[in-house]
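Chemist: Just passing along the structure, written as structure tokens.
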Amino acid sequence: MSKKNYYLLSEGILKRKENTIYFVNEKGSKPLPINKIYSMYAYGQITISSQVISLFAKEGIPIHFFNYYGYYNGSFYPRESLLSGDLLIKQAEHNIDFSKRLKLAKLFVEGAAKNILKVLAYYKIENNIKNTLTELNESSKITEVMNVEGRIRAEYYQYFDDILPDEFKMEGRSRQPPTNMINSLISFGNSMMYASVITELYNTQLNPTISYLHEPAERRFSLALDLSEIFKPIIVDRVIFYLVNKKMITEKDFNQDLNCCLLNDKGRATFVKEYNKRLETTIKHKDLGRKVSYQRLIRLEAYKLKKHVFGMKEYDPFVIWW
């Protein structure tokens, strides 16, 4: 029986009866068999019993929590059953050794930029991002690498106006909170991407708090931020372009006031459905010679990083080939 991601988009209570979880809300009680749950995303006020937490811990199921704005709040991260002291030491070594960290940081930006270029090529948009990317060669500090990444993404966001209809104009990137519809979609999607990467990292032996491009910090899984950069263009952004251009998401799917713009319940449900559909979409892997889902690609990326820090094979960031 294949497992899948579950998304709780309304207020409710998670209860346990034997080995079945029930989500109870104003619409009734819905059974969620534990052997079908891969991970869970919870939006809104969710009450969870200790019995549910115990079962999720036993089965190794992470739960990701998001706030009113759709921002990631935190995760229930089950006790790690795949701990590796050797890997932890190697991960830390590649952060502490500046030359090793700088190399990985540049590779994450290179992978993200090349996927951005693939997206822009799909929409036949000429750009100067490739020229900006060459500046990585001269970058000798992590802050300089981050600066290159920031300028690439800023230029990339300018081209959103060429892909999307006028009512979804970017007008600059705004985050907390987003001030217009396109910024709302980007923030919502990026939060989902971050949580998806956390899930995949949980299923490897990698420590999610040791990162290379982003600074390791308290209260965040910074390695998930590193890996998210590679997949945001080909998962989150493509979902946004599809939903908006197909008019599956319109102005009616947002709550707007003077201070912020947020997806309403209907808009969130539409986005989540398409995002999950994208994660489950399979493509034929040119190296493996078989079909893999986008969700699996994230896990494979983590495995590649693991091989790199062990010195088994140089890390080569994933770049879409279509």
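Any Cβ shown, glycine's included, is placed from N, Cα and C.
From Swiss-Prot, here are the annotated features:
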BINDING   Glu149, His214, Glu229  Mn(2+) binding site
Chemist: Within 10 Å of the Cβ of His214 (Mn(2+) binding site), how many other Cβ atoms are there?
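Modeler: Step by step: centre on the Cβ of His214 (Mn(2+) binding site), count other Cβ atoms within 10 Å, giving 19.
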Chemist: How would DSSP class His214 (Mn(2+) binding site) in three states?
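Modeler: SS state of His214 (Mn(2+) binding site) = coil.
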Chemist: Could you find out if DSSP has Glu149 (Mn(2+) binding site) as helix, strand or coil?
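Modeler: DSSP call for Glu149 (Mn(2+) binding site): helix.
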Chemist: Taking the Cβ of Glu149 (Mn(2+) binding site) as the centre, count every other Cβ atom within 10 Å, in any protein chain shown.
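Modeler: The Cβ of Glu149 (Mn(2+) binding site) has 23 Cβ neighbours within 10 Å.
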Chemist: Provide the number of Cβ atoms within 10 Å of the Cβ of Glu229 (Mn(2+) binding site), excluding the reference atom itself.
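Modeler: Glu229 (Mn(2+) binding site) is surrounded by 23 other Cβ atoms within 10 Å.
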Chemist: Quick check: with Glu149, His214, Glu229 left out, which same-chain residues have Cβ atoms within 8 Å of the centroid of the Mn(2+) site Cβ atoms?
Modeler: Ala105, Phe108, Val109, Ala112, Met146, Leu213, Leu225, Asp226, Ser228
